[in-house]
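Q: I am attaching a structure below and will ask some questions about it afterwards.
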Amino acid sequence: MFRVSNFMVGLANTLVMLVGASAIGYSIYMFVHQGVTDCESAIRIPLLTTGLILFLVSLLGVIGSCFKENLAMVSYLIILFGGIVALMIFSIFLFFVTNKGAGRVVSGRGYKEYRTVDFSTWLNGFVGGKRWVGIRSCLAEANVCDDLSDGRVSQIADAFYHKNLSPIQSGCCKPPSDCNFEFRNATFWIPPSKNETAVAENGDCGTWSNVQTELCFNCNACKAGVLANIREKWRNLLVFNICLLILLITVYSCGCCARRNNRTARKSDSV
């Protein structure tokens, strides 16, 4: 008789196979499609690799549970156990490297501002050296500051100051508040006539440009905004990993039962 545990493992892995096949299909689409941007193309190989791993491991689970192939099931359980351990280690690592990096509240502003020193050294490596050149071009390509240039809010200083900006918009689309620039519109600011102290304390004051393709994309504040965005995504990933761990442990337990069912079925068939 086909056991419940075999059915659960087979069903779960069939669904994961579909996810893996979708990832493979989308990555192939990005390889052959000419309209994909450089930023989007950066995820092609990781997406293809992840899709292949999910598909092949799940295929082992389906073969082992549905066709009662004990070797396939044992191989699947070994890989799954290794994945659970690796995911646990990765989740603990994520918790510690994203523990720092909360934005700084600015008096009279509806947005926060960020500094690279507030983030872990490991996270700062994401925006260091040549990596930043690629990220900066992606930000310009994505037109992250265009939303600030539209509407009445972009023309009124008080309305802009109370706007809830994203970390990237706060760091890349305006000068830091301590530079004391004069607001003209959301992406055009006039430096004060005497700002030597602010420039000395914050190098971003001299880096700001009213050229719309540059703005503060070369500022450390922009790097910090990107780091804040990465930190937020990784904190969300941490929550996802915890849920995934619960699911994988459940599937692993069902897999162990399915393996025992396979052995029992083989003994019954041999009698």
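A Cβ is built for glycine as well, from the same backbone N, Cα and C atoms used for every other residue.
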Q: To which residue among N195, N262 does Swiss-Prot attach the annotation N-linked glycosylation site?
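A: Record says N195.
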Q: V4 and F217: same side of the membrane according to Swiss-Prot?
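A: No, opposite sides.
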Q: Out of N164, N185, report back the residue that Swiss-Prot marks as N-linked glycosylation site.
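A: Going through N164, N185 one by one, Swiss-Prot flags N185 as N-linked glycosylation site.
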Q: What is the total of other Cβ atoms whose distance to the Cβ of N185 (N-linked glycosylation site) is within 10 Å?
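A: Other Cβ atoms within 10 Å of N185 (N-linked glycosylation site): 14.
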Q: If I take every residue in the topological domain 'Cytoplasmic' (258-271) and average their pLDDT values, what number comes out?
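A: The average pLDDT of the model in the topological domain 'Cytoplasmic' (258-271) works out to 74.
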Q: Using a Cβ distance cut-off of under 8 Å, indicate which of 8-28, 45-65, 237-257 has the most pairs with the transmembrane segment (77-97).
A: 237-257
Q: By DSSP, how many residues in the topological domain 'Extracellular' (98-236) are helix, how many strand, and how many coil?
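A: Taking the topological domain 'Extracellular' (98-236) as a whole: 72 helix, 11 strand, 56 coil.
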Q: Could you count the residues of the topological domain 'Cytoplasmic' (66-76) that DSSP puts in helix, in strand and in coil?
A: 8 helix, 0 strand, 3 coil
Q: Report, as numbers and ranges, which residues of the same chain sit near the transmembrane segment (237-257): CB under 8 Å and 6 or more residues beyond its ends.
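A: Long-range Cβ neighbours of the transmembrane segment (237-257): 3, 5, 8-9, 12-13, 61, 64-65, 73, 76-77, 80-81, 83-84, 87-88, 90-91, 94-95, 98.
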